[in-house]
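Colleague: Copied straight from Swiss-Prot:
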type    : residues       : note
DOMAIN  : 134-332        : domain 'ATP-grasp'
BINDING : 161-216        : ATP binding site
BINDING : Asp288, Glu300 : Mg(2+) 1 binding site
BINDING : Glu300, Asn302 : Mg(2+) 2 binding site
Amino acid sequence: MEFCVLFGGASFEHEISIVSAIALKGVLKDRIKYFIFLDENHHFYLIEASNMHSKYFAQIKEKKLPPLILTHKGLLKNSFLGAKIIELPLVINLVHGGDGEDGKLASLLEFYRIAFIGPRIEASVLSYNKYLTKLYAKDLGIKTLDHVLLNEKNRANAMDLINFNFPFIIKPNSAGSSLGVSVVKEEKELNYALDSAFEYSKEVLIEPFIQGVKEYNLAGCKIKKDFCFSYVEEPNKQEFLDFKQKYLDFSRTKAPKANLSNALEEQLKENFKKLYNDLFDGAIIRCDFFVIENEVYLNEINPIPGSLANYLFDDFKTTLENLAQSLPKTPKIQIKNSYLLQIQKNK
């Protein structure tokens, strides 16, 4: 089976997406037929596999290529010889952050009826917004940390709204890769941390920061009616992974398995199933959990994990190919114009 990797995007995580695509190339190799790069101006470019390396993008060489136009059948390439349609195999949405995870690309691909692996519109909206993710989890009976949502209007009252003690962690409500994330240990650090977070999002989420909390990551997808899980990873970190650590982490080929009981692993999987069903059909996602006093809490849902979290799967290629055979289908609406014909008939 052949794939097309779509990456880049007008996002703070633009470079993360490039690194992610380069890493996935090393995993899937010649199964990737096309690499389609989306730049910050929403132009599409076809990138040769031989140019899929950091130096090429650092020098912005893709700007010398002719831009492509997305159509119902694939990508339209104009040249002096005339227009040519590049028919796309199954697309892997690997655009992190804005465009890829907020639902824009899902909307576009669904609109043009282009088959893709990735979160659909509703799944993107709920998982990209951390506050909405918490509401979604609560509705499913899954615990989340206490939290306060701030915007520019109420940020001046932050200390009155926060009902938990220092230290706490401040995050942009709609951003990933630890962009704009700070641990605040005393009040004098608050304004700077808020300024940093508001650079990336119009809203900011504040949660208690628990030093040394047990964290477990689990990736997976649903293939037909059965779930396919990765093994559970326990991130090796001190306070939290910053942007640079996550950025470099995508190149890894394997992650150490977590040492946890069968009972806890089953709990994580059951929570994953609740979160996935049926909202995330067609996507490989990663759920990050905390375990506090033997209780499982959802930290966040990553709808497009770095390099699709391939390093957590024992057989990623088979998982991807099986998922490709189990994608959700949007029913085609039949337009019969019967109402209009009836109006015409009655005239």
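Glycine is treated like the rest: Cβ placed from N, Cα and C.
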Colleague: Within 10 Å of the Cβ of Ile210 (ATP binding site), how many other Cβ atoms can you find? Include all protein chains, please.
Modeller: 15
Colleague: Using a 10 Å radius around each Cβ and all protein chains in view, which of these binding-site residues has the most neighbours: Ser196, Asn302?
Modeller: Asn302
Colleague: Please average pLDDT over the domain 'ATP-grasp' (134-332) for the predicted structure.
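Modeller: Residues in the domain 'ATP-grasp' (134-332) carry a mean pLDDT of 92 in this prediction.
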Colleague: Need the DSSP three-state call for Glu189 (ATP binding site) to compare against my parser.
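Modeller: The residue in question, Glu189 (ATP binding site), is helix (DSSP, three-state).
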Colleague: Pick the one among the binding-site residues Leu161, Ala175 whose Cβ has the fewest other Cβ atoms within 10 Å in this structure.
Modeller: Leu161
Colleague: Which binding-site residues from the set Phe168, Ser182, Glu189, Glu203, Ile210, Asp288 come within 10 angstroms of Asn302 (Mg(2+) 2 binding site), judged by C-alpha positions?
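Modeller: Qualifying among Phe168, Ser182, Glu189, Glu203, Ile210, Asp288: Asp288.
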Colleague: Take the C-alpha atoms of Ser196 (ATP binding site) and Asp288 (Mg(2+) 1 binding site) and report the distance between them in angstrom, rounded.
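Modeller: Here the two Cα atoms lie 23 Å apart.
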Colleague: Specify the secondary structure state of Ser196 (ATP binding site) as given by DSSP, simplified to three classes.
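Modeller: Ser196 (ATP binding site) sits in a helix per DSSP.
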Colleague: Can you count the other CB atoms that lie within 10 A of the CB of Glu203 (ATP binding site)?
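Modeller: Taking every protein chain into account, the count is 18.
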Colleague: Only counting partners 6 or more residues apart, tell me which same-chain residues put their Cβ under 8 Å from the Cβ of Asp288 (Mg(2+) 1 binding site).
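Modeller: Listed in sequence order: Glu215, Tyr216, Asn217, Leu298, Asn299, Glu300, Ile301, Asn302.
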Colleague: Where does Asp288 (Mg(2+) 1 binding site) sit in DSSP terms: helix, strand, or coil?
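Modeller: SS state of Asp288 (Mg(2+) 1 binding site) = strand.
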